[in-house]
Each structure stands twice: as C-alpha cells, then as structure tokens.
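The structure appears right after this line, and notes come after that.
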C-alpha cells in the first residue's frame with residue numbers, strides 16, 4: 001500500500017502527525033494518548049480480524065504511520081518544534097495571501113465558513129476521525145482530508161491574528177493624560193555606598209552560550225544529531241535566541257531538511273536581523289532557494305538540461321558550509 005499523501009500539510013512536505021492520529025491541532029497529551037490507544041486496539045495485528053495480507057498491511061500502518069506520529073507528538077521537544085513549524089506555515093500562507101484549493105468537501109466548507117472557526121473545525125474533524133480507521137483502503141484518504149482541515153484552520157487562525165488591530169505604544173501614550181512633573185527633593189547625604197562589587201547577572205543568553213559552543217563543535221565534526229540535541233536544549237532555556245535558531249537551521253540544511261531549515265532561519269532573522277549567524281544563514285537559504293527555483297525552471301523546459309544540471313551542481317552544502325580541516 002502506498003502511504004504517499006499529497007494533500008493538506010503533506011503538500012508542503014510536512015508530515016501531519018495530528019492528521020495521522022485524527023486529533024485536533026490543539027489536542028493535549030491525554031487526548032493524543034487516548035486516541036493512539038484506540039487506534040492500536042482497532043488495527044493491532046494481534047487482535048485485528050482479517051487475512052494474512054490485511055494483517056501485514058495493518059502492521060505497516062502502525063509501524064510507518066501511527067507509531068511515528070505518536071512518538072513525535074508525545075515527546076515534548078519534538079512536539080514544540082512541530083507546533084512551531086505548523087504556526088510558521090499557516091502564517092506564511094496567510095501573510096502571502098496564498099490561495100489554497102482543498103479537495104475534500106468539509107475543508108472547502110471550512111474555508112468558506114464565516115461562523116465560529118473553532119467549533120466548525122472540531123466538528124468537521126470529528127466527523128472524519130470517527131471513520132478514519134474503519135476501512136483499510138480509505139485510511140490515507142481520511143488522513144488527507146483531516147490534513148486539509150488542519151491546513152485551512154491554520155491559515156484562517158493566523159489570518160485572524162494578522163487582521164487584529166494592534167494598539168501601538170505611541171497610541172497608548174497619546175491617550176493617557178500627561179502628569180505634572182513633581183518637584184524633586186535633594187538626594188540624601190551621608191549614605192554609605194557598598195564597597196563589594198556587584199555580582200554579574202546570569203542571563204538566559206549567557207546560559208545558552210555553552211550549548212552554542214558545543215553545538216558548533218558538533219557541526220564542525222558533521223555530527224548533526226548531537227548538534228540538534230544541544231541546540232534544542234539551548235532553546236528550552238532561551239526560546240528567542242536568534243543564534244540558536246540560526247545554527248539549528250544550518251544543521252537541518254546540512255541534512256537536506258529544507259522545510260525545517262526555513263522555519264528556524266527565518267525565525268532567527270525575525271528575532272535579530274543584525275545577528276551575524278542569522279544573516280549568514282539567511283544568505284545561504286536565499287541562495288539555495290534561488291538555485292532550486294532555477295533548476296526547476298530548467299527541468300521544466302527540457303529533460304536534457306535537468307540531467308546537465310544534476311551533473312554540474314555538485315554538493316551545495318560543501319561549498320556553503322565547508323569542512324573544518326584538522
């Protein structure tokens with residue numbers, strides 16, 4: 001059975017773990033676990049009533065779809081990172097006013113919905129999830145339908161946030177009555193000043209520095225798994241550390257995970273456009289994206305140019321990042 005799904009968030013090369021389990025995007029840990037157990041009880045090979053081919057199929061569904069989805073949503077770090085990716089995708093679609101054309105009827109109705117978004121989204125998702133694993137032949141179709149609902153929901157949710165009127169600090173200042181300055185009294189005399197030096201305040205940035213240093217060492221050694229681990233731990237301490245996001249984007253680029261790389265590099269640049277590492281990685285990402293667009297255009301004109309492009313491009317990461325010589 002082909003598990004390739006090409007609708008909803010999968011269209012953006014994002015594995016929609018929520019859609020696989022049939023839970024809403026705001027599901028908590030308890031909801032996710034209960035849903036996983038319910039699916040496992042329904043299609044587990046040991047209790048599933050079917051022939052040998054069907055049991056082989058449900059085993060593949062569990063091992064390739066359901067179990068990985070639950071693993072990613074049950075681990076806090078992976079869950080937080082996945083939510084960040086989903087939020088960025090919805091925000092980009094909403095900001096760029098991209099037109100999405102869902103295939104499923106329910107997703108189309110949700111897109112045109114002018115009522116309560118939360119209520120309608122949860123209602124439609126429940127309709128599909130209730131019958132998601134009843135027929136083996138329709139499991140991937142149901143996952144695609146739920147993922148389309150998730151995509152539409154994310155886009156509309158982010159659009160609501162963008163359209164909300166924000167009160168600027170300047171407006172708040174103008175609306176507040178100005179207070180008359182109070183006369184200042186002379187400073188008291190003969191106050192004994194402390195003679196001991198003040199201790200240096202430990203900031204989140206200083207605590208993250210060691211994680212960044214170790215991560216860079218792992219990157220230089222091309223041990224990207226350990227680098228990702230260090231950077232994720234660093235983000236737990238300081239979620240808005242631009243350098244940490246930039247380096248995490250670099251590790252994902254080095255592993256050809258372009259979607260994840262885009263999320264963290266763009267996040268880094270948004271947090272601090274003057275961060276040297278963020279600027280460097282933004283340039284790398286822009287160059288890579290430009291090269292991909294050029295190669296795709298060439299491939300569309302002729303297959304021969306595609307073959308020539310493959311032979312001439314080489315490994316872009318080797319040129320961009322380089323390797324540390326010992």
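Using N, Cα and C of the backbone, Cβ positions are placed for all residues, glycine too.
Copied from TrEMBL, the annotated features are:
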DOMAIN    16-90  domain 'J'
REGION    171-206  region 'Disordered'
COMPBIAS  172-182  compositional bias 'Low complexity'
COMPBIAS  196-206  compositional bias 'Polar residues'
REPEAT    208-241  repeat 'TPR'
REPEAT    242-275  repeat 'TPR'
REGION    290-326  region 'Disordered'
COMPBIAS  291-314  compositional bias 'Polar residues'
COMPBIAS  315-326  compositional bias 'Gly residues'
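Residue counts for the repeat 'TPR' (242-275) under DSSP (helix as H, G, I; strand as E, B; rest coil) come to 27 helix, 0 strand, 7 coil. For the repeat 'TPR' (208-241), the residues of the chain that approach it from at least six positions outside its boundaries are 77, 81, 247-248, 250-252, 254-255, 271, 323-324, judged by C-beta separation under 8 angstroms. On the 0 to 100 pLDDT scale, the repeat 'TPR' (208-241) averages 86 in the predicted structure.
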